[in-house]
Amino acid sequence: MDLLKNGCRRHGILAALVLGVAAIAVLFGFEVLLIRGLGLPGILSATAIRFILGALMILLLLKLEVAEKLGFTGKGLGKSLLLAWPFFLLFAGILALSFISANVSDKGISWSWLLAQIVFMTSVAFFEELVFRAGVVNLVKNGLGASRSSSIKTAVIAGLIFSLAHCLNLIGQADLSYTLTQVISNFGMGLFLSTIYLRTGNLVGPMIFHAVNDIVPAVAVEYLAGSPSASAGAAGGVSPTVLLLETDQTRELASLAAPQALP
């Protein structure tokens, strides 16, 4: 374990790349074995696999000592929400249109389907944020440092690793054009989530954003015919601003949202 720790400290970017690719490869391996090989229920098994692997990832990251704290705290969550208000505004609009469309078309809303999607997408966010934010971001950060310029490089590199790791979707026989589109769009989301994590040190916020980013397009595809998923584009536009421009108003709002010490 000491050898792994030293390797992570000396070669942070390489370690981050290996972690990201290996984690997704292991995930796909378990899915192929349990779902396709043994025929276990799809969404139930996929959800359980992600929660279990996420828990194991926590243990691994703590053993490797990639960070003093992974970010499971309320501190910084309020700032995350304030910094990402355009993100929520965008998806609130898509959700509203989706539900209106479902009612107008008399298709109706399947609440059991919606609940299954929420639980599954939450497991996706839990696993991937532990890998790519708590793991990849901290490994890259440890290698580059914590200065403002280093933080920008860290966010970009972590976003690229998050994006490229999705090339492994081809293992699952996904369409090449779909995979390439996902790789490109995921860079924007990876940049956004990495930026939020670097700015706040809070992992809960990125998990929420990631889950919403997956849930809302699924709902839109189900109930809103022909709706585009504009999430990645919005995230790509917001994230550089969040990282580079800390306005007085942002600082004031963040200070108001921060937990106050008890007297």
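Heads up, the Cβ atoms here are built off N, Cα and C, so glycines get one too.
Feature list (source: TrEMBL):
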{"type": "DOMAIN", "residues": "111-216", "note": "domain 'CAAX prenyl protease 2/Lysostaphin resistance protein A-like'"}
{"type": "TRANSMEM", "residues": "12-30", "note": "transmembrane segment"}
{"type": "TRANSMEM", "residues": "42-62", "note": "transmembrane segment"}
{"type": "TRANSMEM", "residues": "82-102", "note": "transmembrane segment"}
{"type": "TRANSMEM", "residues": "114-140", "note": "transmembrane segment"}
{"type": "TRANSMEM", "residues": "152-172", "note": "transmembrane segment"}
{"type": "TRANSMEM", "residues": "178-198", "note": "transmembrane segment"}
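Within the chain, the transmembrane segment (42-62) has long-range Cβ neighbours (under 8 A, six or more residues past its boundaries) at 23, 26-27, 30-31, 34-35, 70, 116, 119-120, 123-124, 126-127, 130-131, 134-135, 138.
Each of 12-30, 114-140, 178-198 was scored by its Cβ pairs under 8 Å to the transmembrane segment (152-172), and the highest score goes to 178-198. When Cβ-Cβ distances below 8 Å are used as the criterion, the transmembrane segment (114-140) is approached by residues 8, 12-13, 15-16, 19-20, 23-24, 27, 43, 46-48, 50-51, 53-54, 57-58, 61, 66-67, 70-71, 153-155, 157-158, 161-162, 165, 190, 193-194, 197-198, 203, 206-208, 210-211, 214-215, 218-219 of the same chain, each at least six residues removed from its ends.
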